[in-house]
């Protein structure tokens with residue numbers, strides 16, 4: 001994708017915020033042998049894979065989690081040597097590539113192991129691939145669901161140690177960010193029950209996503225898969241406001257006015273002519289649209305200009321949008337979508353609430369054509 005370096009729209013990423021969020025989690029873990037594997041999937045939740053990995057490494061991350069083998073390989077190409085776990089299912093045909101790059105893979109079934117073995121047997125001098133067995137304790141996504149499945153996979157791995165190294169076992173909680181912990185406790189009990197069936201504990205046993213580490217720390221295994229909290233966002237949204245330590249939001253979004261005009265009452269704005277000026281108004285145009293991730297449902301929300309709230313009027317276009325200004329502002333005036341201006345601030349949570357979604361979706365929808373600008377890490 002072509003990156004729009006020559007227009008004024010920018011995503012601002014504070015690497016120092018990422019550093020501080022990890023440091024605070026490490027303090028939260030003091031006295032334990034638990035380590036942090038930041039979750040860097042989806043371009044580090046839209047923040048930028050390599051710069052976030054650099055900040056996490058500087059802060060003391062012991063390894064990384066990603067969703068795709070491609071993401072793991074990108075980290076290896078950038079000379080990161082820490083352990084990397086692919087949380088999604090990788091095609092068995094890629095076992096040689098994973099082995100050659102010392103990348104740990106998630107396995108959810110005996111069938112995967114059998115297919116991967118048939119491929120591995122054709123590869124001379126294959127280094128054993130580190131395997132993390134996934135237990136489906138109630139998420140309903142991937143993993144072994146009962147003792148028979150788990151033991152069959154474990155037994156197969158031990159019988160084929162030339163190809164596999166039993167490095168870890170894990171589960172994922174569906175409701176760790178919910179004030180009602182009933183189902184969380186059911187999942188936790190189910191995981192512990194299945195763990196007792198294993199003849200040995202591998203090097204890594206992990207259950208904690210961001211929400212689990214924040215509100216159910218007693219359940220922590222020895223890896224925290226630090227996802228959304230790494231980026232300074234509350235996993236629960238507004239549901240559980242109490243946190244064991246402050247989270248510092250790492251991402252901001254800014255642009256500039258590129259066109260300003262005064263319109264008369266009755267003037268219509270945007271596709272579908274859905275907005276009509278009720279009186280004489282100043283209208284500003286911003287070079288950002290739904291192709292950049294600011295979706296059409298954000299019509300009617302506000303941005304900040306000179307510390308003042310300005311409504312998005314008319315339908316958001318693919319590459320541009322219009323706002324109603326309180327007065328004439330010159331072309332080049334800064335516009336804040338996420339961040340502070342004057343005494344006011346727009347948070348990602350506010351944006352998500354308006355869009356009737358979660359902040360995860362807002363940041364992951366941000367297009368790669370918006371340049372990311374990084375600050376802060378040189379302070380450490």
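A Cβ is built for glycine as well, from the same backbone N, Cα and C atoms used for every other residue.
What Swiss-Prot annotates here:
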ACT_SITE  41  active site, proton acceptor
MOD_RES   41  N6-(pyridoxal phosphate)lysine
BINDING   141, 318  substrate binding site
ACT_SITE  271  active site, proton acceptor
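Features recorded in Swiss-Prot, as mapped to the structure shown.
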| residue | record | contacts (Cβ under 8 Å, 6+ apart) |
| --- | --- | --- |
| 41 | active site, proton acceptor | 65, 66, 67, 68, 71, 87 |
| 141 | substrate binding site | 172 |
| 271 | active site, proton acceptor | 314, 315, 317 |
| 318 | substrate binding site | 289, 290, 291 |
